[in-house]
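K.L.:
One structure coming up, written as structure tokens, with questions to follow.
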Amino acid sequence: MARAKLPRSPSEGKAGPGGAPAGASAPEEPHGLSPLLPARGGGSVGSDVGQRLHVEDFSLDSSLSQVQVEFYVNENTFKERLKLFFIKNQRSSLRIRLFNFSLKLLTCLLYIVRVLLDDPALGIGCWGCPKQKYTFNESSSEINWAPILWVERKMALWAIQVIVAIISFLETMLLIYLSYKGNIWEQIFRVSFVLEMINTLPFIITIFWAPLRNLFIPVFLNCWLAKHALENMINDFHRAILRTQSAMFNQVLILFCTLLCLLFTGTCGIQHLERAGENLSLLTSFYFCIVTFSTVGYGDVTPKIWPSQLLVVIMICVALVVLPLQFEELVYLWMERQKSGGNYSRHRAQTERHVVLCVSSLKIDLLMDFLNEFYAHPRLQDYYVVILCPTEMDIQVRRVLQIPLWSQRVIYLQGSALKDQDLMRAKMDNGEACFILSSRNEVDRTAADHQTILRAWAVKDFAPNCPLYVQILKPENKFHVKFADHVVCEEECKYAMLALNCICPATSTLITLLVHTSRGQEGQESPEQWQRMYGRCSGNEVYHVRMGDSKFFREYQGKSFTYAAFHAHKKYGVCLIGLKREENKSILLNPGPRHTLAASDTCFYINITKEENSAFIFKQEEKQRRGLVGPGGGQGPSRLPVHSIIASVGTVAMDFQHTECPPAQGGEAGKLALPTENGSGSRRPSIAPVLELADSSALLPCDLLSDQSEDEMTPSDDEGLSVVEYVKGYPPNSPYIGSSPTLCHLLPVKAPFCCLRLDKGCKHNSYEDAKAYGFKNKLIIVSAETAGNGLYNFVVPLRAYYRARKELNPIVLLLDNKPDHHFLEAICCFPMVYYMEGSVDNLDSLLQCGIIYADNLVVVDKESTMSAEEDYMADAKTIVNVQTMFRLFPSLSITTELTHPSNMRFMQFRAKDSYSLALSKLEKRERENGSNLAFMFRLPFAAGRVFSISMLDTLLYQSFVKDYMISITRLLLGLDTTPGSGYLCAMKITEDDLWIGTYGRLFQKLCSSSAEIPIGVYRTECHVFSTSESQISVNMEDCEDTRDIKGSWGPRAAAGGGSTHGRHSAGSDPAEHPVLRRKSLQWARRLSRKSPKPVGKAATEWISQQRLSLYRRSERQELSELVKNRMKHLGLPTTGYEDVANLTASDVMNRVNLGYLQDEMNDHQNTLSYVLINPPPDTRLEPNDIVYLIRCDPLAHVASSSQSRKSSCSNKLPSCNPETRDETQL
């Protein structure tokens, strides 16, 4: 079989090693082989193999040789080098154009010099010809063209013009050659080339023909060539410095140059043509052009001959065509510039300080919240805010930014943070900070987070030294931006705050007021006492100071933390809440009495203003009391404390009453005298002094941990033996990366997923409703659209290790969509956490999830409804649903999250309520006064019943000045747990606690007994609202039935708790007795008989009012029947449902501090609730006050004091008696 012939290599045509031809057969020499291969000889087969080896050897040798390849050889030609120098290279091209521009200006200047030296009256003629004098004859119609064709040009001037003309001509021809692209006629007929030829060729011709040296040449037309050169030069300049070209600047420059060229051309042209007329000077011609082009037209100077008149007509026509086009382009660019916002100049960035706000879409609410909070700090008044937004500025934002207050320091730039050009426009690398906010109104919040992450990466890549403040919506995306200096996760804070709202009422209002900047002046002009006090206390914020430099805390160096906290509050009215060691970056809230203060510690405190802005005015008592017996039994002169008035700059000073406080140490003389009870000589427990240093025999954790351990280890009698033992540990599964580990109550074994479903039984249990589970505590129901990862942060604070087991409330998640397995895996380790599919607008779902056994319902804003076509309509469905639930279940404490804070005015809405109208007017007045918290007086917000996450945007803004605010807020919310740091909790003031008297004495009581730091009070009080025309309630004291049952109803009202203490009138409780409501028709008849008989029109109105009252009562009965019928239909027992018609206002107030206005049956006497942050020490305690406490960490000293805990538990101090312990329980 024939073998295919190999193709010949180029070497085969050469002679072999032996000199034989290539085609001759010769034995292969060994030296022809590669030294790496063995030599073979003999036979044709060996010869063939050797030939192939030789070819391979040659190829190998060829591959080893290097070949130098030159690139861009086309640029080595002479033409390409010239083109690179004159055109392509930006810097050299800029120099050439600058030189060309200078030449054109020089020719115009030489023309002006020639005109000034030329006088037609001295004679006119060619070079070397005899001069002829010319005089203008106005009566003659003939034109003498000699003054127009010939001019007088000096020899030196001619020489200079010729040299300039030659240089310009050569440069023009060279550029024509270099830019030639195959069409020569296109180059020749260009306007710039024609002008160059007109101004240069005649001068070159005069070199060879001398008589033409006095020929007039329109050199002034070089101004147009100078304008063209200037445009090119500016473009090259922007390219050379790698700067974004400013179209606005170029267009203004072109317009200015066009006007200048028109004036210069008209002036020179008319002056020259009028040499054959009145011989005008350059100044007169310039005056004529200005008067003509400005359409003034005085008429004192006019052209006399028709050529000059024709030139004027041509110039006017050109101006009418060219200038409008230039102005139109300028206006268009100005409008585009207004949309894009222009640039923030480099000079301003280097001399002024600015921050950049990056948002995907800018709404007016977001803008005003940022500006008001940012500029509320005095040291930020000189900062500029540069807004970088990819969308066009909307009309409302444009109007606001035109206000002088903002127009001088807010700059809007339309651009993207992902473009380096736009970041350069904003001078991001020179910025003091960059705030990147997410668009929470997006339907897809995950996509909004992805955009925020990319913006953060882009800014970090462009300006790595610029501090980043990032807002993230979903917690699972937080770890992508962990490099940022400060990060606020919206859903983490939101769910933790809503969870604390269930056990510490109005935590959302407390945190919102703390993170807002206020001067405490809101509501000071209101006639309502609660509004003045609430507005004053809302000015309290968190500040920091180094202890060694502080006048507040310097004297307590070496003392315990609780000692410093109490005495600083007693003396200055400030509330010390935490500190940070110099060697440790962690902030500790209430580290406890064992913590000794050092001069290097950073103290964090709550006050109206920071210490640097406070004035200290020491006052002495007017009368010195000496020799008086103290209330505690001690003799001798009582030591009077020095009280201070903290006066903030520009605000009204807070006055502290002169309350007598016990000394720091001492025996009976340091205790406060207590009033006797019922005339007997027995005394209640006194308030012990706060020790300077912790006593080792009295350890705080013994009281808490031992009680908790009893709760866990010893089940009560009513719980039986079926109680599941809970363990303390860290949750094994976190639904997202970056969650802070928290020690929690956990199940010893994870619950199966089927057992987490509340409304369906499984093989492990057959319970199908909340009643069957037999929960001892009331339920907490959360209504959400989906089980997002943020919902995990709702469960953790409610299952934290420092919550007593008996205080754990069952949690029911009412979800629109079924949760995924990852979420169920995360919550299955927590005790008493269930879920159910259903909607908050479905009554059946609410009843099945056990709403009649719940004390708290949290309605979370749904992602799908956060955006609406009409602004502020996103909350419409939520508001209506919550209003319906409040009608159906008035005893339920409902916390609602809204998208827009302005919609909270629709919560508990009543159309013709004069008190709500007064609150609305107060809100508008506070907004006009520049308040950042104009909505704070709305009753739902003051009571903590409504919340919007946008209120927490200020937390990110405040961190620019207070970098510790995010850490402190997360510690208060329980999102972070630092060893040794305390936690937020609450205690209720009962009738037995009123002997304490004031908030300052309570402060001492808590610091001395349990080392707890109170930071505020949640107060619920009855309030008499003014009655509107449409709100008519029937006075039941006029009824005989009321008198009959007063005796039996009284004890029940008195047993309700402190809500009726000293506040309810005698007739308010009987007015709501169930029996009275069931006899509504009899009441109406008896009222119509017993009441004074009105006459005329008044009688008709009175009867209509009674009918209206009866109609309302029947409406409530209908709602009650509706709920009971649905429960029967679902097979649920109706015994747990309290009839709406049988529910009294006092019952509602005793069960939960709602802060809601009660139903219309009790219009005259309603309740309102509000938060007092760090109230003055002389504030009187009232029944049902709930005190916010920062309790120290129970595990802070457990490891070092496990043995001493037993002895201290058995030998408690008098301050640790059971009564004190009951006071500090929630």
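Glycine residues also receive a Cβ, built from the backbone N, Cα and C atoms like all the rest.
For reference, TrEMBL lists these features for the protein:
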- 1201-1210: compositional bias 'Low complexity' (COMPBIAS)
- 352-488: domain 'RCK N-terminal' (DOMAIN)
- 777-917: domain 'RCK N-terminal' (DOMAIN)
- 1-37: region 'Disordered' (REGION)
- 664-685: region 'Disordered' (REGION)
- 1047-1074: region 'Disordered' (REGION)
- 1201-1226: region 'Disordered' (REGION)
- 98-117: transmembrane segment (TRANSMEM)
- 155-176: transmembrane segment (TRANSMEM)
- 188-209: transmembrane segment (TRANSMEM)
- 252-273: transmembrane segment (TRANSMEM)
- 279-298: transmembrane segment (TRANSMEM)
- 310-335: transmembrane segment (TRANSMEM)
K.L.:
Counting only residues 6+ away from its ends, which parts of the chain sit with a Cβ under 8 Å from the transmembrane segment (252-273)?
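P.N.:
Distant contacts of the transmembrane segment (252-273): 108, 111, 115, 148, 216, 218, 220-221, 223-224, 227, 230-231, 234, 280-282, 284-286, 288-290, 292-293, 303, 305, 307-308, 311-312, 315, 318-319, 322-323, 326-327, 330.
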K.L.:
Take the transmembrane segment (155-176) and find every residue of the same chain, 6 or more past its ends, with a Cβ under 8 Å from one of its Cβ atoms.
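P.N.:
Here the qualifying positions are 82, 86-87, 96, 100, 103-104, 106-107, 110, 113-114, 117, 187, 193, 196, 199-201, 203-204, 206-207, 213, 219.
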K.L.:
Restricting to the same chain and to residues at least six past its boundaries, which positions have a Cβ under 8 Å from a Cβ of the transmembrane segment (188-209)?
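P.N.:
Cβ under 8 Å, 6 or more out: 107, 127, 158, 161-162, 165-166, 168-169, 172, 176, 215, 217-219, 221-222, 224-225, 228.
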K.L.:
Across the whole of the domain 'RCK N-terminal' (777-917), what does the mean pLDDT come to? Round it, please.
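P.N.:
Across the residues of the domain 'RCK N-terminal' (777-917) the model's pLDDT averages 85 on the 0 to 100 scale.
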K.L.:
If we skip the immediate neighbours and take only residues 6+ beyond the ends of the transmembrane segment (279-298), which ones have a Cβ under 8 Å from one of its Cβ atoms?
P.N.:
112, 115-116, 120-121, 136, 147, 262-263, 266-268, 270-271, 312, 315-316, 319
K.L.:
For the domain 'RCK N-terminal' (777-917), what does DSSP give as the number of helix, strand and coil residues?
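P.N.:
When I sort the residues of the domain 'RCK N-terminal' (777-917) into the three classes, I find 55 helix, 29 strand, 57 coil.
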K.L.:
What does DSSP give as the helix, strand and coil breakdown of the domain 'RCK N-terminal' (352-488)?
P.N.:
59 helix, 28 strand, 50 coil
